[in-house]
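Colleague: Sharing the features that TrEMBL gives for it:
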REPEAT    85-115  repeat 'PPR'
Amino acid sequence: MAEKAFDLLDEMEIKPDSFTLAILFKACAELANDRALKIGRKLLDEMPENYRNDNITSTSAINMLMKFGDIQSAERIFRSNKKKDIITYNAIIKGYVGNEMFERALDLFEQIHLNF
């Protein structure tokens, strides 16, 4: 199913909006192959700056990057989001756990109450 989404993306002549990007980031994370990584990075590179404060889009991007083990890029998106919510925090904490970075997950969890 994700492969079909990528094929449609290749055929599109318009730029994806924030909702489409969120769906495509999820597809990349689920597929988790070289093509998905390449497409996901391309989408991130072309993503308009204002989408980085959209929690749905940024959370999907964080999930994808963490799935690929690209911790630094996921953290960069997390830090750049000025409108973080609990779902955004959950995404990066889950990514830390998935990448066996348990101390970082707990450290961030302890910081959450300072930001809400």
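In case you wondered, yes, glycine gets a Cβ from its N, Cα and C as well.
What does the local environment look like for each feature on the list?
Modeller: Mean model confidence for the repeat 'PPR' (85-115) is a pLDDT of 93.
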Colleague: Would you mind listing the long-range same-chain contacts of the repeat 'PPR' (85-115), meaning Cβ under 8 Å and 6+ residues beyond its ends?
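Modeller: Tertiary neighbours of the repeat 'PPR' (85-115) are 55, 58-59, 62-63, 65-67, 69, 71, 74-75, 78.
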